[in-house]
Amino acid sequence: MENQNIISNAKYDRKYDDLSFSGNIALIGFMGTGKTTVCNALSHIYGMDVVDADADIERKTGMRINEIFEQYGEEHFRDLETQTLGSYEGRQNTVISCGGGAVLRHRNVEILKRISRVVLLSARPKTVLFRLKDDDTRPKLRGHKNTADIASMMAERETQYKNAADIIVDTDGKSIPEICREILQNAARIQ
Ligand code: S3P
């Protein structure tokens, strides 16, 4: 995902494209694979509405994700995540940015599959490390800021990510508009 500035210069317009997909899209994938960035680009370029599960959890609880993990533990965070994803039922033309661990719970996968096309964004461990090296907002990456640990966490989650996904998009080396286009083209094909 290079050249992020290209978003503001993009001249894509869905009416000139074969991107007739009008349902919801859920973006899943490991931390640092670009879910939030791509979500915002799908909104900016293609006019989709956006919801971000982590941001909604923080808004509802008035707490940062780190604080929720520290004070109440991961299970409690996962419960909040399930409630939040459930609250998106009934949405249309919306892109849902999911936390990287959302699909580790089968219930969440059921919700996402019912209401959206599920798109897995992938990136190399090196890319994830580069993007998140100065970030301290991810409790699951504390003490694991190296490619070996990231690769091993990715490998642990790989089956769950792949089983949840309707579409897989590799983000390495692609511009954000290219990624958006690939997502919508594939979603239109399988709707
Ligand atoms: C998590 C990913 C985070 C956030 C929480 C747990 C995970 O979201 O939900 O820190 O277990 O992978 P991002 O993928 O948006 O960083």
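Heads up, the Cβ atoms here are built off N, Cα and C, so glycines get one too.
What TrEMBL lists as ATP binding site is Gly32, Thr33, Gly34, Lys35, Thr36, Thr37, Arg138. For Thr36 (ATP binding site), the same-chain residues lying six or more positions away in sequence with a CB closer than 8 A to its CB are Asp52, Ser97.
Under the DSSP three-state reduction, Thr36 (ATP binding site) is assigned to helix. Summarising the annotation, TrEMBL assigns Mg(2+) binding site to Thr36.
The substrate binding site annotation in TrEMBL covers Asp54, Arg78, Gly100, Arg157. DSSP assigns Gly100 (substrate binding site) to coil, not to a helix or a strand. Counting every protein chain shown, the Cβ of Gly100 (substrate binding site) has 23 other Cβ atoms within 10 Å.
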Cβ under 6 Å from ligand 1: which of the binding-site residues Gly32, Thr33, Gly34, Thr37, Arg138, Arg157 qualify?
Arg138
Would you pick out, from the binding-site residues Thr33, Thr37, the residue whose Cβ has the largest number of other Cβ atoms within 10 Å?
Thr33
Residue among binding-site residues Asp54, Gly100, Arg157 with Cα closest to the Cα of Lys35 (ATP binding site)
Gly100
Taking only the binding-site residues Thr33, Gly34, Thr37, Arg138, which one has a CA atom nearest to the CA atom of Arg78 (substrate binding site)?
Arg138
What is the separation, in Å, between the Cα atoms of Asp54 (substrate binding site) and Gly32 (ATP binding site)?
14
Spatial neighbours of Gly32 (ATP binding site) that are distant in sequence (at least 6 apart) but have CB under 8 A:
Ala123, Thr127, Val128, Leu129, Arg131, Leu132
